[in-house]
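The region 'Disordered' feature in TrEMBL is assigned to 1-32, 159-243. Residues or ranges marked as compositional bias 'Acidic residues' in TrEMBL: 14-25. The annotation domain 'RanBD1' is assigned in TrEMBL to 28-163. Residues or ranges marked as compositional bias 'Basic and acidic residues' in TrEMBL: 185-243.
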Amino acid sequence: MSSSEPEQSHRPEEEETAPAEDEDTGAQVAPIVRLEEVAVTTGEEEEESILDLKAKLYRFDKDGNQWKERGAGTVKLLKHKESGKVRLVMRQSKTLKICANHLVIPTMTVQEHAGNDKSCVWHAADFADGELKNELFCIRFASLENCRTFMATVQEVAETQGKKEDNEDASDTAGLLETLSVGDGKTEEGKEQEEKPVVAKEDKQAVGEGKEQEEKPVVAKEDKQAVGDHAKPEAENKDEPAS
């Protein structure tokens, strides 16, 4: 009799190709090279940010007589904690490449760009390319408020830097005058010492000998002979017997 149940056929190929479950052997693989943590410095550790806005920066190309884009990113005004100097730094958002890097000086002025109230322009001696270059920059913000905030902050910083330089110049001048007055006092003391005659040791001895010679009476040779002649007869008279 034939069985009504279907026969189950086993295929060895299917069993071999079945994926095996991952087994945790507990083995640990040590890395070939051990990497140490390296502190990344941005050069802004000694500075504090007083402005941080997103914008797009352009520079004017004199050869082509046109504006060229420098990059879009974040523009910052950074104040040094010790010196108090403020610089403008802008980096591209993705590559972090420096677009602008220059000091905010008292003579720096920011003006509105003609035809666009969200943009402003200024001149600066920029160091973004590793050397000082006189650049004409134009920066464009997403809103009018950000543009006005940028202009007002830069103008305020420029005026503050100007007052600081005036105070430093006044302090330097006062220090210079004080140094000169001290130098004049030393010069007067030197003049007094110069007025006093300096007598050398040999000159002192010569002066002393001269004084002794002045005190002793000088007797001439003829006077000595005369004195001897007067003294001699008296001696002879004393030796002669009385008559």
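Counting begins at 1 with the first residue displayed.
The backbone N, Cα and C atoms fix where each Cβ goes, glycine too.
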Statement: Taking DSSP H, G, I as helix and E, B as strand, the domain 'RanBD1' (28-163) contains 20 helix, 66 strand, 50 coil
Message: For the domain 'RanBD1' (28-163), what's the mean pLDDT in this predicted model?
response: 92
